[in-house]
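Feature annotations, reproduced from TrEMBL:
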type	residues	note
ACT_SITE	Glu493	active site, proton donor
BINDING	Trp363, Asp364, Lys603, Gln604	substrate binding site
DOMAIN	13-266	domain 'Glycoside hydrolase family 65 N-terminal'
DOMAIN	329-691	domain 'Glycoside hydrolase family 65 central catalytic'
Amino acid sequence: MNQFSNENSALIEQTVDKETIKFHETLFTLSNGHIGIRGSLEESDLDWDYAENIGTYVNGYFEKAPIQYGEWAYGYAKNHQTICKLPNSHLISFSIDGEWFNLGTGTTTNHQRTLDLQQGLLIRTFTWESSNGKKVDARIERLVSYDFPELLLVSYQLTPLNFDGEIVFQNKVQRTLKEVADSDDPRVASGHGKQIATKAVDTKGLPMMLVSTLNSHLHIWCTAKAIVGMGRTTKQETTLQDEAIMTTTAFEAKAGKPIQLVVVAGYGDKFNEESKKEHFAEKLEQVIQEASRLGYEEIKHMHISNMANFWRGSDVQLAGDDQLQLGLRFNLFHLNQAAGRDGLTNIAAKGLTGDGYEGHYFWDTEMYMLPFFIYTQPNVARQLLSYRHSILPKARERARDLGVEQGALYAWRTIDGEECSAYYPAGTAQFHINADIAHGVKVYYEATQDADFMRKHGLEILIETARFWVTFGDFIPEKGNHFCLNGVTGPDEYTAIVNNNYYTNLMAKHNLLFAANMVNHYQEDLAFEGLSKRLNFDLQEVEKWQEAGNQMYLPYDEERKLTKQDDSFFDKAVWNFENTPREKYPLLLHYHPLTIYRYQVNKQADTVLAAFLYGEDFALEQKKRDYHYYEKITTHDSSLSHSVFGMMASEIGEKEKAYKYFMNTALMDLNDMQKNTKDGIHAANMGGTWMSLIYGFAGMKVVNNQLGFSPRIPEQWGKLSFQVYFHNQLIRIEMTHDVTEYRLLEGESLELFHQGGKLLLNTNHLVIIEN
Ligand code: BGC
C-alpha cells in the first residue's frame, strides 16, 4: 500500500514564528499513549526570544491539590488533579568555537520542520552559519516509540560544510519552569501540575532523575543517554545537579563528513511506593541499554514498520481533496498517539499534547474516540475500557458520596478515578457518564464478541452502573409512574440540573437493558458465580433494571411534535442570538452560567446525539424536526458538537450541511478553528472525524449484531475507502457515488447489510454492489 504523497501525509513548517510557535508545538507533538513531547525546538531552553510552552507528559502522572472553595458543601470534589510537566529530555544544542546554536545566534537558513505522519517522525533540517562563518547542515529526527513505550529518541546529525574542527553537543534532562496557566479560561491548565521535586541520582550505570510529586505521592524515573552514531569524539562527560543531568560530547568534525549524536531518553512507569525505587530504576535502565544496543537505525526501522501496520489497518482514504486527506490523517495519527494502552490509563481531552483541561479523561473517550479503536485496533479499545474497570472502587465511593447506596458513579473528569470537577452543575451532575461508559462496553462487545473481556471487566461495569440508575431514579406517579432521573445535567452544559434530560434517560435505559441482557446471557458461566459473590449480586436485581429501563420516562412535546431536551426546556425563552455579537462566543467566557441557564441555548449536541446513537428509536421525520429545531439554538461552543450535527445531517439527507460540518470537524486543529489548539488538540473531535466518515458518510450501523452500511458520499469526493474489524474479521470497503466494493481481508465469511439488503462475503472475494 502506498497511498501517501507528500501533500497529504506530511505537515511542513517553513518558518518558526512567535505568533504560531505554541500552536505548532501542539501539532508537532509526538506521543505513544505513555509519553508525550510537545514539538518544541531542541535548544528551546536556551535563553532566547520565543515564548514557548515546552511540555513533556506521562499519561496518568499527575499532582493533586485541594480545591479551595469559597463556600463548601457536602460531597463536593476535594482535589484538583493536574497532569505534570516532567523534565524534558530532548533538550540538545551544539556549539562551534564556543558559540551555541539557536535561532537567535549566527545565521540560520532553509529551516524546515516536517511531521511525517506516515513514518511517525518529526524531522528538522537547516543550515547554520556561526558568527565566525563556519557552516553546518543539520538534520534532526525525533521519534517516540510504540515498540518501547518508555522511549523517545533524537538523532542529531551535523555535516560541517566549510571547516574541520571541534563541535560540542550538550544534551540535558531538565524541567522547565515556564508554565502556562489561565485562571479565566476553564479549558486551560490551572498550573497545579508544576509541583514536582526532581533529584538526579548517580546509579551504577546510568545517571537518572527521580521525579516525585508532593501531594499525589507518585514517582517516576527519567533519563537520557547520549550515544555516538557517527564521527569521532574527543570527550564525553556527564554532570549531575538536583535539577538537571547534563552530558557534553565533543566531536572532532571534518568538512563533508556527518557526525551524529543520538539521545535515547526514557520515562519509566509511575509508582507510589518509594521502596520500589530500585526496581523501577533497573527496569528503565534495561530498556535504555537494550535500545542503545539496537541503535537508532534499528529502532527507527521498527518504528516505521509499526506505523505502516497502523496505517494499513486504520487509514481512511478520500479521493479528491489532498488538504482534507491530510487533515484526516493528522487526526487519526494523533488519536493513535493519545491512547493509553496499559489498561490503567486513558485518553485525556487533549491527548498528551498539552495540559489543557488538566490532562483529564472525560466521556469524550467512550462517546467520540472509542469507536475508532473498536473498529480498527480492538485490543487498544479493550485496554481503554479496562481502565474504567480499574477505577470502579473510586466510582463506588463516589456514588456513596452522592447518597446513592448501590452501584458506582464514574467521575465526570479525573485521572485516577477521583472526581475532580470543581463546578458540579456542569461536572458531577453529568451522571450520563455512567451510561456513556456502559455504551462503550456495548459497542465494543457488539463489534468484537469478546467474551473474555465481558467476563473479566464488562459485566462488572454494567452491573455497577445499572445498580446506580435503579437506586438513583424513581417511579413518579405524576409522570404516569414512569421511571425518572431528576436533578441531572445532560451533555449540553448550557442547561444544568434539570429533570429528565432526554439524552441521560435514553442512555440509562439502554444501560439498564443491556446490563440485564448480558447478565442473563452470562449467568450460567462459572466466572459469573465468582463475580456475583464478590458483588453480593442477586439475580432479582435484573428484574428491577428491566422494569426501570422499560418504564424510563422520555420527555416529548406532543404539541410541537418535538423531543424535549428535558422537562422544562421549552418553558424557557430562546437565547437572543440576533443581539449576540461574534466576539461574545463562546458564551461561557462572557456570561454568568445563571444567565445562560435561563434560556434555550445549547453548547453542544444533546438530544440530537441521543437520536444519532439510538436512531432506531426515532422515526425519520422526528429526527428531521428535532435536528432543525436544535440546530437553531446550538452555538457549537464545544468542539464535540460539529461532528454529531454532521452525522445527523447525513442521516436525514442534508448533504450540504453534512459536508460543511465535516469540514469544520476534520480541519479543526490543523486550521486552529477553535483558536486554542496551542493548549492541545481536541481529541474528541478527532474521533468525531472518524465517526463522521464511517457512521455519517458510509452509514455504518450495527443492528441485531449485524453490520450494515448505507453509503451517502458527498459530491466533492470521488471515493471513500477504509477498513473495519467486525467479529474478528477484517473488511475493506471502497465506496464511490455509484457502487460499493466489499472485500473480506481476514476471516472466513460474514453476512452484512448494504442499504438494508443482505450480502454474503467470503474470504478475499470481491463483492461489488450498486449504491
Ligand atoms: C464539553 C464536554 C467535554 C469537555 C472536554 C467541554 O467543553 O462541554 O462535553 O467533555 O469539554 O472535552
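Glycine too: its Cβ is placed from the backbone N, Cα and C atoms.
TrEMBL does not curate its annotations; it predicts them automatically.
Computed from a predicted structure; not experimentally measured.
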- Taking the center of the Cβ atoms of Trp363, Asp364, Lys603, Gln604 at the recorded substrate site, which other residues in this chain have a Cβ no more than 8 Å from that point? Phe362, Met367, Pro491, Glu493, Ser638, Leu640, Ser641, Ala684
- Out of Asp364, Glu493, give me whichever of these recorded positions has the highest number of other Cβ atoms within 10 Å. Asp364
- Query: What is the interatomic distance between the Cα atoms of Glu493 (active site, proton donor) and Lys603 (substrate binding site), given in whole Å?
  - Reply: 6
- Task: For Lys603 (substrate binding site), list the number of other Cβ atoms lying within 10 Å of its Cβ atom.
- Result: 22
- Can you tell me the mean pLDDT for the domain 'Glycoside hydrolase family 65 N-terminal' (13-266)? 92
- Far apart in sequence but close in space: which same-chain residues, 6 or more away, have a Cβ under 8 Å from Gln604 (substrate binding site)? Pro491, Asp492, Glu493, Thr634, His636, Asp637, Ser638, Leu640, Ser641, Val644
- Item | Intrachain C-beta neighbours of Trp363 (substrate binding site), sequence separation six or more, cut-off 8 angstroms | Trp412, Gln430, His432, Ile433, Asp436, Ile437, Pro491
